[in-house]
Every structure is written in structure tokens, then in C-alpha cells.
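Per TrEMBL, domain 'G-protein coupled receptors family 1 profile' is recorded for 49-298. The transmembrane segment annotation in TrEMBL covers 33-59, 66-89, 109-128, 148-172, 207-237, 249-269, 281-300.
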Amino acid sequence: MPCEGCMERDNGSTGVTMEFLLLGFSELFHLRVLLFLIFLIVHLVTLAGNMMIFMAVVMEPSRPPMLFFLCQLSAIELCYTLVIVPKALLSLLGAEGSTISFLGCAVQMHLFVALGGAECFLLAAMSYDRCVAICQPLRYAALMSEGLCLRLALLCALAASALALGLTVAVFRLPFCGSHSINHFFCDVPAVLHLACTQSYTPELPLLAACVLLLLLPFLLILASYLCIAVAVLGITSSAGRGKAFSTCISHLAITLLHYGCATFIYIRPKSSYSPARDKVVSLVYTNITPLMYPLIYSLRNKEIRGILRKMLRRKKIAQVN
């Protein structure tokens with residue numbers, strides 16, 4: 001049911017010329033220089049950390065499945081931050097935010113949701129890898145073949161992209177109200193959905209369906225994998241064996257909790273509870289802090305990553321000496 005003052009528009013004829021205004025942190029204009037420097041430093045460190053892990057794994061001739069998935073995760077995080085952070089930095093340079101075209105907003109939303117969804121599916125694939133490694137160690141090499149890992153990575157990307165496209169099309173087919181000011185620093189789904197000229201819950205149905213498929217389904221797969229892992233670990237008699245099995249899952253568990261904690265808070269809730277200020281703070285965490293934490297968690301907790309990074313440093317020192 002349309003609200004008063006809505007601007008019914010023909011998406012085909014006016015969508016190309018329509019623009020949105022990303023308000024960003026315009027209410028903190030007096031802190032814009034400090035915020036810009038903080039975001040820029042965090043962004044550069046995030047890019048450097050994920051690029052370092054990505055290059056380290058790519059240059060390693062023998063890559064076990066967990067390293068292969070970690071390489072995919074680093075690539076997703078690199079794209080993830082590049083889709084969001086540069087536009088957010090630009091919004092800090094202007095007193096009233098920055099503009100983004102209708103098409104640009106739709107593309108940004110699609111890429112953001114697709115990359116976030118691919119990460120959810122990839123975390124599910126990584127949990128299956130850990131499940132096979134702990135529950136069936138003797139058949140691990142045969143079950144987690146290179147071909148299976150490639151198919152899983154491709155399936156994660158295609159499924160997330162298709163679901164993100166459906167959600168984006170559903171959101172941008174809605175009529176928007178007179179104000180096209182998005183109280184956010186990027187085109188996030190709840191922020192754009194908040195501008196829709198409807199008073200019913202119909203616009204929330206695509207978001208609900210996307211949450212079920214992109215968040216709930218991978219989460220259930222992760223939960224099932226860890227239930228199998230827990231049963232297998234309880235069957236190990238030695239405490240040293242249990243500790244070793246558990247240590248192989250700590251990094252993945254930490255990243256899963258970080259990712260799903262923020263995503264659940266933002267997306268699994270009714271439109272009526274939307275709070276721009278609160279959403280921007282949480283979005284800052286999962287678009288800036290969380291991608292920064294991933295390489296730190298894996299470089300500190302993963303023995304293979306530490307070994308690869310040490311080899312890279314040794315090669316660099318040898319090259320410098322020569």
C-alpha cells in the first residue's frame with residue numbers, strides 16, 4: 001500500500017538518471033578528517049593482510065583443501081572491502097555525503113550481497129572440510145580432492161551471485177519515496193529498503209528469503225558439521241588428541257562467529273526496528289574490522305600459513321642478499 005508523497009517511477013525510463021545520496025557520517029562532519037585517516041589506514045592494512053595470505057597460498061605448490069578455501073576467503077575479503085570502503089571514504093570528503101547513481105547503487109548492493117553470501121557458503125564448505133579431516137582422516141585425501149574443492153568454490157560463487165541478483169532486482173523494482181537520501185555509507189539492503197513507499201511487509205519477503213538461503217542454510221550446514229566433529233572428538237581417548245582436533249577448528253569458528261554475529265544483527269529483523277545510527281556502527285565492524293581480523297586470526301592460529309609466510313620472508317631476504 002503506497003504511502004503519501006511517494007514518487008511512483010518507471011524504472012525503465014527514469015532509473016538510469018535517478019541518483020541516491022549516501023549521507024555516510026555527515027552528522028560527524030567535524031571529525032571527518034580523523035575518520036578518513038582511520039578508515040584509510042584500516043583499509044590499507046586489510047588489503048595488505050589479505051593480499052599477503054592470498055599471494056602466499058597461490059605461490060605454494062602443494063595446497064591442501066583448507067589452504068585452497070582460505071585463498072578463496074582472502075580473495076572475497078579483498079573484493080568485499082574494495083566494493084564498500086572507497087565510496088565510504090569519498091563520502092567523508094563531502095559535507096553532505098556523496099551521490100551514487102541508481103545503477104551504481106544496484107551494482108554495489110548486488111556485489112556486496114553476492115560476496116557476503118559466497119563467504120557464508122564458503123564457511124560451510126570449510127566446516128565440511130574440517131569435518132572430513134577429523135571424522136575420516138584416513139579417507140581425507142580421497143574425499144577432499146582438488147576437483148571437489150574447485151566445484152565447491154564455484155558453486156559457492158554462482159549460488160550467492162544468483163541469490164544476490166534476485167534480491168537486488170526485487171529491492172530496486174520497488175517505488176521509492178520523495179527523499180532519496182540513504183542514511184548509510186553504502187547501499188545496504190535495509191537502508192535502501194527503508195526508502196520504499198510501502199506500508200506492508202511485502203518488500204521484506206525477498207530479504208527474508210535471501211536471509212534463509214544465504215545465512216540460515218549455510219549456518220545449519222556448519223552446525224551439522226560441528227555436531228559430527230563434536231561426536232568424533234568425544235570419541236578420542238587422549239586429551240592431546242582432543243586438543244589437536246579442537247585446535248584445527250578454532251580459526252574457522254572465530255571467523256564464523258564474527259561473520260554470522262554481525263550479519264544476523266543487521267538482516268534478521270523486521271523493518272520497523274531499523275536504526276540508521278546503530279546499523280552504521282555494526283556495518284563499520286563487518287566491512288572494516290572483520291576483514292582486518294581474518295588474516296590476523298589465520299596467520300596466528302594456522303600452522304601452515306605461518307610456515308608459508310616464513311618461507312616467503314626467507315625468499316625475500318635471499319633475493320635482497322643476491
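Any Cβ shown, glycine's included, is placed from N, Cα and C.
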Quiz prompt | Beyond the flanks of the transmembrane segment (207-237) by 6 or more, those residues with Cβ under 8 Å of it | solution = 113, 116-117, 120-121, 123-124, 127-128, 130-131, 134-135, 160, 163-164, 166-167, 171, 189-190, 193, 245-246, 249, 253, 256, 260, 263-264, 267-268
Quiz item: Mean pLDDT, the domain 'G-protein coupled receptors family 1 profile' (49-298)?
Solution: 84
